[in-house]
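First up is the structure itself, then whatever we jot down about it.
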Amino acid sequence: MARGKAKEEGSWKKFIWNSEKKEFLGRTGGSWFKILLFYVIFYGCLAGIFIGTIQVMLLTISELKPTYQDRVAPPGLTQIPQIQKTEISFRPNDPKSYEAYVLNIVRFLEKYKDSAQRDDMIFEDCGDVPSEPKERGEFNHERGERKVCRFKLEWLGNCSGLNDETYGYKEGKPCIIIKLNRVLGFKPKPPKNESLETYPGMKYNANVLPVQCTGKRDEDKEKIGNVEYFGLGNSPGFPLQYYPYYGKLLQPKYLQPLLAVQFTNLTMDTEIRIECKAYGENIGYSEKDRFQGRFDVKIEVKS
């Protein structure tokens, strides 16, 4: 039995290194060289094909504009303050209860201050009333960076923070700021006049993408009270001269147009579900994405 074990051990050692044939793991040095050379060439070719494929693909992609622009989803609609669970709950007589909401709005509006828009090489005035989309040439580097339209805080009225640093929360009249998310090259198409007839209070403007905030349910509509809108030209929506957006490379300082909404007499001590919705021919809605073209927010003003 000992001899069999010794013989087995000898065979194992001989397989690793055969001194008679000068073989390591059953192969000579020349054999190992050939097989290693084969795999180096083989994987080198695979790497070359992969790199070449990537390079060809990159030649078809523009860093300035999506290749398949028609497949980009419509922009989402979001509100500030940006909150967890889309709930705003506070007591007007308790500053701590609404402090986080106010700070969120203040931080967001920093870039909209006049002091941040003084450079005439970057910013330009695009008018105090809504107008048609402002084309700024092709999506290329030939003209360098493009100018962007200024947006004045004073257009946000009671929700500008210029006269009320609490944005209405101290008075129990909360403000929210609404923006349409950036989509490169997107030009909003306002709805046709006749399509707005079914929405009370909405007025047609060919140069405004309208937005309306209403109670989500029938019981909410009775408790939402008066809703006031503040935007450029006192229009309840987004003026078209701020579109299209040319991207971070061509418009690094771009400012989205804003719409401020103030709820002036919400029913107290009641959670009210509010839906804000943008209307347009190229604005879509999705059950899978609750921010695509609209959003819901719950507001409760406690006594």
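Glycine is treated like the rest: Cβ placed from N, Cα and C.
Now, the feature entries from Swiss-Prot:
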DISULFID  C126-C149  disulfide bond
DISULFID  C159-C175  disulfide bond
DISULFID  C213-C276  disulfide bond
CARBOHYD  N158  N-linked glycosylation site
CARBOHYD  N193  N-linked glycosylation site
CARBOHYD  N265  N-linked glycosylation site
REGION    191-303  region 'immunoglobulin-like'
TOPO_DOM  1-34  topological domain 'Cytoplasmic'
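Between the CA atoms of C159 (disulfide bond) and C276 (disulfide bond) there is a gap of 17 Å, rounded to the nearest whole number. In the structure as shown, the Cβ atom of N265 (N-linked glycosylation site) sits within 10 Å of 13 other Cβ atoms. Nearest to C276 (disulfide bond) in space, judged by Cα atoms and limited to the recorded positions C149, C175, N193, N265, is C175.
Least crowded of the glycosylation sites (N158, N193), judged by neighbouring Cβ atoms within 10 Å of its own Cβ: N193. Note on proximity: of the recorded positions C126, N158, N193, C213, the one nearest C175 (disulfide bond) is N158, by Cα distance.
Secondary structure from DSSP puts C126 (disulfide bond) in coil.
Each residue contributes its Cα atom, and for N265 (N-linked glycosylation site) and C126 (disulfide bond) those atoms are 34 Å apart. Taking the C-alpha atom of C149 (disulfide bond) as reference, the shortest distance to any of the recorded positions N158, N193, C213 belongs to N158. Residue density at C126 (disulfide bond): 19 other Cβ atoms are found within 10 A of its Cβ, drawing on all protein chains shown. Note: the CA-CA distance between C213 (disulfide bond) and C126 (disulfide bond) rounds to 27 Å. When the disulfide-bonded residues C159, C213 are compared by the number of other CB atoms within 10 angstroms of each CB, C213 has the fewest. For the region 'immunoglobulin-like' (191-303), the DSSP counts in helix, strand and coil order read 16 helix, 38 strand, 59 coil.
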